[in-house]
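A.B. asks: Can you keep this structure in mind? I'll have questions shortly.
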Amino acid sequence: MGKEKFERKKPHVNIGTIGHIDHGKTTLTAAITKVAGLRGNGKFVAFDEIDKAPEEKERGITIATAHVEYETATRHYAHVDCPGHADYIKNMITGAAQMDGGILVVAATDGPMPQTREHILLARQVGVPYLVVFLNKCDMVDDEELLELVELEVRELLSLYGFPGDDIPVIRGSALKALETDDPNSADAAPVVALLDACDSYIPEPQRDIDKPFLMPIEDVFSISGRGTVVTGRVERGIIKVGEEVEIVGIKDTVKSTCTGVEMFRKLLDQGQAGDNIGALLRGIKREDVERGQVLAAPKSIKPHRKFKAEVYVLSKEEGGRHTPFFSGYRPQFYFRTTDITGIIALADGVEMVMPGDNSTFTVELIAPIAMEQGLRFAIREGGRTVGAGVVSEILE
């Protein structure tokens, strides 16, 4: 049996469960696959299979993540669930599993707990754009007023962290009851069906990479006699057509040029698009004007910045990270896309140091500007080894 071919008939959305430990994230994930499976939209993945998620390495960081997939009438979902709290933090910060939306699971028996807060804050910081709430274990709460109270508390917490708390769908149910039923039309399965409907209607279809403004991180620069300068790299998003204007952004002053040729596998094309490894021929550019670490981009689509706020996970000693804490004034390298740039870290007021294994929010000032926008991922390196992973949460200047 070869691998099944992935049939792309429906739009694809990446989603995941977040929330406090033991509030039922994994049970809900299993229940979704079961109910979707009973409705003929995927195959059931049992709790134990999800719970013993294999460990994966993302930029040298070990993360345990379970991936399941299921469909609704209109969409194909890829869903991530992490067994441990630390795995969530690493997952969200490294972007190992980019989420177009998240399902926040809150046990009605407990209400919002510390990790509920932390996951909402992280979702905000790393740019998970939409959340839907599943109020779990509602079968264990007899008091309707108590349910109302917990729902209100969750909505207020979401608003506090910048999500539209009043508008977010909140579905009440029991993940365990949904997991135990074999009838997709039963009252026990209904909340999971309602949750899937809420995901379909509330989480917008993500814009595809190809529809975004053109951007290609520059990996290499060649000069071809009689033709000019060629920059190579993998197109991250958008489309570049021969004859279009482009900008070279980052490290130095922004320079304008025109793309006079696109080639791939030594063949000339009239355009390159997201995912293609291409060489782009640039008019009027000298080889020494361009370097690895800059980006080729659609005019005015991205600006260079030096100072930003970051949400960062610092590798533990066991993951090959530092053995000692660092303090304000620490100067490691920040690896953005294709290159390392030195930066100086300023910890938040009242934070004395950051220990290996911590996640932290701090400010970074680079020695040279990089083409940057909110949500850009980076690695922190020291002498060539990765000691942290982060995401730009806010641009300061």
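Glycine is no exception: its Cβ is also placed from the backbone N, Cα and C atoms.
Per Swiss-Prot, the features are:
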type	residues	note
BINDING	19-26, 81-85, 136-139	GTP binding site
DOMAIN	10-207	domain 'tr-type G'
REGION	60-64	region 'G2'
REGION	136-139	region 'G4'
A.B. asks: Judged by the number of other CB atoms within 10 angstroms, which among Cys82, Cys138 is the least packed of the binding-site residues?
C.D. replies: Cys138
A.B. asks: If you average pLDDT over the domain 'tr-type G' (10-207), what do you get?
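C.D. replies: Residues in the domain 'tr-type G' (10-207) carry a mean pLDDT of 94 in this prediction.
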